[in-house]
Amino acid sequence: MRLNGEISSGEDEEEKQTGTTTFSAQKVVVGYALTSKKKKSFLQPSFTGLARNKGIYFVAVDLKKPLPEQGPFDIILHKLSGEEWHEIIEDYRQKHPEVTVLDPPDAIQHLHNRQSMLQDVVDLNLSDCHGKVAIPRQLVFTKEKDPSSIPYEVTKAGMKLPLVAKPLVVDGTAKSHELFLAYDEFSLSELEPPLVLQEFVNHGGVLFKIYIVGETIKVVRRFSLPNISKRELSKVAGVFRFPRVSCAAASADDADLDPNIAEHPPRPLLERLARELRHRLGLHLFNIDMIREYGTKDVFYVIDINYFPGYGKMPDYEHVFTDFLLSLMQSKYKKKLTT
């Protein structure tokens with residue numbers, strides 16, 4: 001079996017599989033299909049050690065063998081790209097409903113396109129939840145679009161500069177998380193579709209990463225792009241490339257910031273947003289990148305949603321994730337008793 005990306009093979013299993021696995025026996029086997037990079041950041045010794053103490057054992061899925069011949073698994077965690085894996089895990093999920101697959105591949109696919117990714121936020125009505133949540137105005141340009149037509153389309157749509165340009169497709173590569181900031185409409189023809197253009201919203205240079213693990217919510221502040229003044233906009237021209245903005249090294253949790261900028265979004269708003277998106281997306285594991293419009297207290301914008309993000313950067317992720325996996329088994333066990 002040959003799939004996209006560098007994959008951890010079955011030879012580096014955390015534990016050998018022995019015997020049957022039921023929640024009542026206090027043993028949970030979690031199969032994982034992750035890239036080597038993801039395995040290193042997620043399956044840290046502090047996490048696997050805590051999990052093992054609670055009866056959770058992580059076993060690498062061997063991509064050289066048919067998935068149905070492996071296990072038995074209680075849960076499968078996966079984040080691999082490629083149509084072949086998509087078909088394999090979906091077929092397995094349909095034929096093995098007793099195994100919890102995190103998460104359904106069709107639901108994950110929804111987040112691989114930045115146009116469909118944010119549509120569920122547009123459809124939400126959170127007006128009674130201590131704040132307003134929207135998405136920046138945006139335009140989508142498909143691969144077939146002639147770059148020279150972008151300035152005209154932007155002017156026609158009445159979009160305000162500056163504009164943030166992002167790749168349309170999110171495929172897990174560093175390139176798919178690159179940003180470009182365009183200060184004038186003429187420079188937009190330098191961009192290469194497929195892409196999404198979003199109006200830049202001043203947000204005090206702070207972004208909130210909202211991690212979702214089942215029903216648990218954790219918020220982390222990160223530094224982001226600074227505000228852009230009208231004076232700066234009138235003096236600067238061109239398109240500027242930025243790497244991934246919200247990286248671990250740019251944590252703003254301990255920085256001395258203006259409280260009006262640094263204050264977390266209201267908890268009731270986050271709980272309602274997370275609950276609605278969990279239901280609409282059909283996902284357990286994702287994060288939301290959110291900003292607060294500068295000068296406001298309760299106007300927020302969702303600018304990105306990512307599946308199975310870098311949980312290793314989330315505070316106390318070891319306990320949060322261990323409790324989540326056990327809660328899945330507890331729910332499954334209770335359901336089994338009532339049927």
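In case you wondered, yes, glycine gets a Cβ from its N, Cα and C as well.
The 1D-myo-inositol 1,3,4-trisphosphate binding site annotation in TrEMBL covers Lys38, Lys79, His177, Lys209, Asn306, Gly310. Under the heading ATP binding site, TrEMBL lists Arg114, Lys166, 198-209, Ser224. The Mg(2+) 1 binding site annotation in TrEMBL covers Asp289, Asp304. If you look up TrEMBL, you'll see Asp304, Asn306 marked as Mg(2+) 2 binding site. Per TrEMBL, domain 'Inositol-tetrakisphosphate 1-kinase N-terminal' is recorded for 29-108. According to TrEMBL, the domain 'Inositol 1,3,4-trisphosphate 5/6-kinase ATP-grasp' annotation covers 130-326. Annotation source TrEMBL lists region 'Disordered' at 1-20.
Taking the features listed in TrEMBL, we show where each one sits on the structure.
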residue	record	CB count, 10 Å
Arg114	ATP binding site	22
His177	1D-myo-inositol 1,3,4-trisphosphate binding site	19
Asn202	ATP binding site	16
Gly204	ATP binding site	18
Val206	ATP binding site	20
Phe208	ATP binding site	25
Ser224	ATP binding site	20
Asp289	Mg(2+) 1 binding site	19
Asp304	Mg(2+) 1 binding site	22
Asn306	1D-myo-inositol 1,3,4-trisphosphate binding site	19
Practice problem: Report the nearest neighbour of Lys209 (1D-myo-inositol 1,3,4-trisphosphate binding site) in space among the binding-site residues Arg114, Gln198, Phe200, Asn202, Ser224, comparing Cα positions. | Solution: Ser224
Exercise. Please work out the helix, strand and coil residue numbers for the domain 'Inositol-tetrakisphosphate 1-kinase N-terminal' (29-108) from the DSSP assignment.
Key: 36 helix, 20 strand, 24 coil
Practice problem: Write down the Cα-Cα distance for Asp289 (Mg(2+) 1 binding site) and Asn306 (1D-myo-inositol 1,3,4-trisphosphate binding site), rounded and given in Å. | Solution: 8
Practice problem: Within the domain 'Inositol 1,3,4-trisphosphate 5/6-kinase ATP-grasp' (130-326) only, compute the mean pLDDT. | Solution: 90
Quiz item: In sequence order, what residues of the same chain, 6+ apart, have a Cβ less than 8 Å from the Cβ of Lys79 (1D-myo-inositol 1,3,4-trisphosphate binding site)?
Solution: Ala33, Leu34, Thr35, Lys38, Ile108, Gly172, Tyr307, Phe308
Quiz item: Which one is it: of the binding-site residues His177, Asp289, Asp304, Gly310, whose Cα lies the shortest distance from the Cα of Gly204 (ATP binding site)?
Solution: Asp289
Quiz item: Any idea which of the binding-site residues Lys38, Gln198, Lys209, Gly310 has the thinnest Cβ neighbourhood at 10 Å?
Solution: Gly310
Self-check item: Tertiary neighbours of Phe200 (ATP binding site) (same chain, Cβ under 8 Å, six or more apart)
Solution: Pro136, Leu161, Pro162, Leu163, Val164, Leu181, Leu225, Ile228
Exercise. Compare the Cα of Ser224 (ATP binding site) against each of the binding-site residues His177, Asp289, Asp304 and report the nearest.
Key: Asp289
Quiz prompt | Among Gln198, Phe208, Asp289, Asp304, which are recorded as binding-site residues, the nearest neighbour of His177 (1D-myo-inositol 1,3,4-trisphosphate binding site) by Cα | solution = Asp304
Self-check item: Pairwise Cα distance for Asp289 (Mg(2+) 1 binding site)/Arg114 (ATP binding site) [Å, integer]
Solution: 13
Quiz item: Whole-number Å distance between the CA of Gln198 (ATP binding site) and the CA of Asp304 (Mg(2+) 1 binding site)?
Solution: 11
Quiz prompt | Residue pair Asp304 (Mg(2+) 1 binding site), Arg114 (ATP binding site) - Cα distance, angstrom, rounded | solution = 8
Practice problem: Pop the Cα-Cα gap between Gly310 (1D-myo-inositol 1,3,4-trisphosphate binding site) and Arg114 (ATP binding site) into the table, whole Å please. | Solution: 19
